[in-house]
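Novice: For reference, Swiss-Prot lists these features for the protein:
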type	residues	note
BINDING	His77, His79, His247, Asp322	Fe(3+) binding site
BINDING	His77, His79, His247, Asp322	Zn(2+) binding site
BINDING	Arg86, Tyr149, His182, Gln250, Thr327	4-imidazolone-5-propanoate binding site
BINDING	Tyr149, Asn324, Gly326	N-formimidoyl-L-glutamate binding site
Amino acid sequence: MTLPSVSSAPSADGVWHNCHLLPDADPAHAIRDAALVVEHGRIAWLGATADLPDAYRGAARHDAHGAWITPGLVDCHTHLVYGGQRADEFAMRLAGAGYEEIARAGGGIVSTVRATRAADEDTLFAQAAARLQPLLAEGVTAIEIKSGYGLSLEAERKQLRVARRLGEHFGISVYTTFLGAHALPPEYAGRADDYIDLVCNTMLPALAGEGLVDAVDAFCESIGFSIAQTGRVFEAAARHGVRVKLHAEQLSNLGGAALAARHRALSADHLEHLDEAGVAAMAEAGTVAVLLPGAYYFLRDTNLPPIALLRQYGVPMAISTDHNPGTSPVTSLLLMMNMACTLFRLTVPEALAGVTVHAARALGASDRHGRLEAGRVADFALWRIDSPAELAYWFGRNPVATVVRQGRVHAHEGASA
């Protein structure tokens with residue numbers, strides 16, 4: 001299915017009626033027999049139909065046919081722009097090959113780096129657009145896209161430019177994250193500190209100066225970068241006034257989450273090996289825990305993130321696809337909601353918050369996404385469901401009817417707006 005570009009989508013202005021509203025993730029805030037008004041691409045009013053102000057009663061009408069309307073979903077951790085795919089590596093892993101064996105055979109992240117460097121921007125755009133479209137069709141209206149498969153200034157710039165282009169073409173809010181400290185490129189083998197010099201002193205200043213960087217991330221693991229090296233990246237980000245995020249505690253506990261908290265990171269992501277000290281540090285700093293059940297499932301991990309501790313300390317939990325070619329080649333945020341409930345034992349309200357209010361917070365965008373509020377840009381989704389709990393209940397089914405992104409209507413099969 002090819003989704004139209006934003007320029008061809010009709011305006012959502014008018015009164016959306018015959019609907020039920022879930023303004024945020026709290027079921028107690030649900031409004032039945034509701035209406036929502038859009039003016040000039042922004043939400044002007046929402047509430048019970050009986051309370052609709054007289055000023056709007058003559059406006060254009062959009063019959064929701066009994067649908068539930070929620071905020072647009074937010075996918076807050078993706079690696080959507082890259083060249084090629086790694087299905088052969090998947091087959092090797094199923095046959096028992098480990099990370100090092102796959103790397104020696106020319107696979108792993110280096111294979112994606114080669115493909116990404118070789119592809120031009122138009123090719124990367126076409127491939128990423130195909131990956132993005134299923135997410136758009138599931139009601140995603142804001143997405144984070146990381147670099148990290150270029151590992152050179154030119155190739156990282158190319159990834160980030162494509163990410164910006166996706167946002168412009170599809171009318172979706174794209175938040176770009178510079179992940180230059182993702183892996184060591186082949187030309188820097190054995191010289192990790194020299195590569196971090198390049199990331200901090202050349203790549204980041206150039207890309208931030210070009211307006212391509214909304215946040216900075218790093219892969220802090222024994223097979224990635226050390227606490228000291230990650231700290232250098234975060235210090236460089238601070239010099240450029242850019243917030244940070246971190247891949248932390250996925251494979252081991254190096255203390256990455258605590259480091260992220262010291263730098264007031266927006267989020268720490270993965271967290272399968274997070275301990276109580278790290279949880280406490282995140283709680284104090286207000287750092288969001290981004291859970292990535294797709295990678296957990298794909299890697300057949302057995303170490304669960306400490307959900308009970310995250311709840312106990314009040315750490316907000318977001319959920320994301322972590323779309324990437326090596327460990328989470330998934331393009332369904334709804335499936336990740338189901339997996340977060342079934343694998344990580346999140347409640348349905350936690351899952352709903354994880355793809356709305358908490359995901360928006362993980363992007364530093366709580367004022368723009370994750371809630372239905374008057375004054376905000378009209379980003380919302382209409383669902384053919386009897387209860388919002390169905391969004392986490394179904395898997396392999398997309399109950400979306402219509403998606404409104406940036407004040408424009410994108411209708412899907414079976415929908416009428």
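Glycine too: its Cβ is placed from the backbone N, Cα and C atoms.
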Novice: Rank the binding-site residues His77, Arg86, His182, His247 by the number of other Cβ atoms within 10 Å of each Cβ, and give the residue at the low end.
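Specialist: With the binding-site residues His77, Arg86, His182, His247, fewest surrounding Cβ atoms within 10 Å: Arg86.
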Novice: Taking the centroid of the Cβ atoms of Tyr149, Asn324, Gly326 as the N-formimidoyl-L-glutamate site, which other residues of that chain lie with their Cβ within 8 Å of it, listed in sequence order?
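Specialist: Apart from the listed residues, the neighbours are His79, Tyr82, Arg86, Ile109, Thr112, Gly148, Pro325, Thr327.
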Novice: Just to verify a number: CA distance, Arg86 (4-imidazolone-5-propanoate binding site) to Gly326 (N-formimidoyl-L-glutamate binding site), in angstrom, no decimals.
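Specialist: Just about 6 Å between their Cα atoms.
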Novice: Measure the Cβ-based neighbour count of Gln250 (4-imidazolone-5-propanoate binding site), defined as the other Cβ atoms within 10 Å of its Cβ.
Specialist: 27
Novice: Within 8 Å of the centroid of the Cβ atoms of His77, His79, His247, Asp322, which other residues of that chain place their own Cβ, given that this set defines the recorded Zn(2+) site?
Specialist: Thr78, Lys146, Asp269, His270, Val290, Leu292, Ala295, Ser320, His323, Asn324, Ser328
Novice: Whole-number answer please: how many Å between the C-alpha atoms of Asp322 (Fe(3+) binding site) and Gln250 (4-imidazolone-5-propanoate binding site)?
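Specialist: Taking the Cα atoms only, Asp322 (Fe(3+) binding site) lies 13 Å from Gln250 (4-imidazolone-5-propanoate binding site).
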Novice: Quick one: which of these binding-site residues, His77, His79, His247, have their CA within 10 A of Tyr149 (4-imidazolone-5-propanoate binding site)?
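Specialist: Final answer, ordered: His79.
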Novice: Roughly how many Å lie between the Cα atoms of His77 (Fe(3+) binding site) and Asn324 (N-formimidoyl-L-glutamate binding site), rounded to a whole value?
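Specialist: If we compare the Cα positions of His77 (Fe(3+) binding site) and Asn324 (N-formimidoyl-L-glutamate binding site), the gap is 10 Å.
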Novice: What is the interatomic distance between the Cα atoms of His79 (Fe(3+) binding site) and Asn324 (N-formimidoyl-L-glutamate binding site), given in whole Å?
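Specialist: Distance (Cα to Cα, whole Å): 5 Å.
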Novice: Mind giving me a neighbour count for Asp322 (Fe(3+) binding site)? Other Cβ atoms within 10 Å of its Cβ, every protein chain shown.
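Specialist: Here the count is 28.
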Novice: Which binding-site residues (His247, Asn324, Gly326) fall within 10 Å of His182 (4-imidazolone-5-propanoate binding site) by Cα distance?
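Specialist: If one measures from the Cα of His182 (4-imidazolone-5-propanoate binding site), the binding-site residues that come within 10 Å are His247.
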Novice: Can you tell me the three-state DSSP label for Gly326 (N-formimidoyl-L-glutamate binding site)?
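Specialist: Its secondary structure by DSSP: coil.
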